[in-house]
Amino acid sequence: MKRDDLVSPECMDGDNVYETTLRPHSIKEYVGQKKIKKTLPIFVEAAQKRKEALDHVLLYGPPGLGKTTLALIIAREMGFNIKVTSGPVIERPGDLAAILTNLKDYDILFIDEIHRLPHSVEEILYPAMEDFYIDIVIGQGPSARSMKLDIPKFTLVGATTRAGLLTSPLRDRFGISFRLDYYAVEELTKIINRSASIMSIEIEHSGALEIAKRSRGTPRIANRLLKRVRDYAQVKGEGIIKRAVAVHALEMLEIDDRGFDQMDRSILLSIIENYGGGPVGIDTLCATVGEEKTTIEDVYEPYLIKEGYLQKTARGRIATKKAYEHFGKRKFEVGQKELF
């Protein structure tokens, strides 16, 4: 794993190994997302009492916040099997038809990155979600005919980081919709302490708190940083993660007290130093920092915007006063007095 990948909320190679171990197995163990924890058990219990499939569920929000974990918890709480797949994997209508026909009543079908489903595949989902049947075409050319095929009563759980890319017909078919928000530092501290216990890592509360502060509100990043700080503690800190050990480890990894890595700093400093604070177009910014547009938009911008360091406008990206203060800089405009 590259150093710059440490604070990426995207799932990296090697993440799945420890994420499977660290995931909570019930809604009671799940930390954060208070609204979901309050309402989801009600929907699950109501479906169980009616002996019906749970309404289709849409989970959306930034990556790394626990959408896959929630899908697995839904399956466990309902007491049925779950089939896990993703939008890019389902390339043809026949691929989806094969998955649907192999489900059993009340099973859970989890489709990650559901916004990336091909349109032809998405159309198969419409009758499947509403009336639990699919139309399959038999034969080719003039002799081809359509046949209605009933499928089990299932629950679709769709996850996406780009809810705006979902078509209205698909989005409207989800009876339950949850937005996952970034986690508070206190919630991340609980997650880190829980993960440390599972991984047999000795950690002080102050050490967990320091890691949480630099985890960008994202559990996936928190667990990833915990592993790297553990390595440092075993070599430099007698195996115990204290605050000083966490600070030194994260500074060595060039992750500052706001959770910024080299690319975060490069984005903000490029806007400040090269473009007078902005606005600057996204394509120009990408060329300046040497990063792909989708990576900037999906990985870096959401956190910078949420924390108030970056503004996204119709004219381009603008560094805020908070960004200037973070780097100890002051903004001037030609021919004008100091703004801040």
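Even glycines carry a Cβ here, placed using N, Cα and C.
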Residue in ARG173, ARG228, ARG230 which Swiss-Prot records at the ATP site where LEU22, ARG23, GLY64, LYS67, THR68, THR69, GLU130, ASP131, PHE132, TYR183, ARG220 also bind: ARG173
Helix, strand and coil residues within the region 'Small ATPAse domain (RuvB-S)' (184-254) as assigned by DSSP: 51 helix, 4 strand, 16 coil
Per-residue Cβ crowding (10 Å cut-off), top of binding-site residues LYS312, ARG317: ARG317
Most distant Cα pair in Å, residues LEU22, ARG23, GLY64, LYS67, THR68, THR69, GLU130, ASP131, PHE132, ARG173, TYR183, ARG220 binding ATP: 37
Cβ neighbours within the same chain of GLU130 (ATP binding site) - under 8 Å, at least six residues apart: ARG173
Residue, out of the binding-site residues PHE132, TYR183, whose Cβ gathers the largest set of other Cβ atoms within 10 Å: TYR183
Per-state residue totals over the region 'Head domain (RuvB-H)' (257-340) - DSSP helix, strand, coil: 41 helix, 9 strand, 34 coil
